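Notes follow the structure.
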Amino acid sequence: MKTLLLTLVVVTIVCLDFGYARTCLKTPEVKSEPCPPGQEVCYTKAWCDRMCSFRGKVIELGCAATCPRQEPGKEITCCSTDDCNTHP
């Protein structure tokens, strides 16, 4: 009986991924990092500032609990797999 119980405990630990955290690309360095607990959405925000005609749109990449709200003048896209918010 103890052997069966021990086997079930080991199988449970192996099957459950206790330390999993979503990873998203984050700015300013544009590198993959684990998201804080509860933040399972990766997002990309893009917008023009006064330097847009010279250097292109400003890009912000990160994690969120939910997809950020649309804002005037900002393009926001969201996804929910690891590192899915690639730089446009």
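Each Cβ is built from the backbone N, Cα and C atoms, and glycine gets one as well.
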Of the listed cysteines Cys42, Cys52, which one does Swiss-Prot record as disulfide-linked to Cys48?
Cys52
Proximal residue to Cys67 (disulfide bond) among disulfide-bonded residues Cys24, Cys48, Cys52, Cys79, Cys84 (C-alpha distance):
Cys79
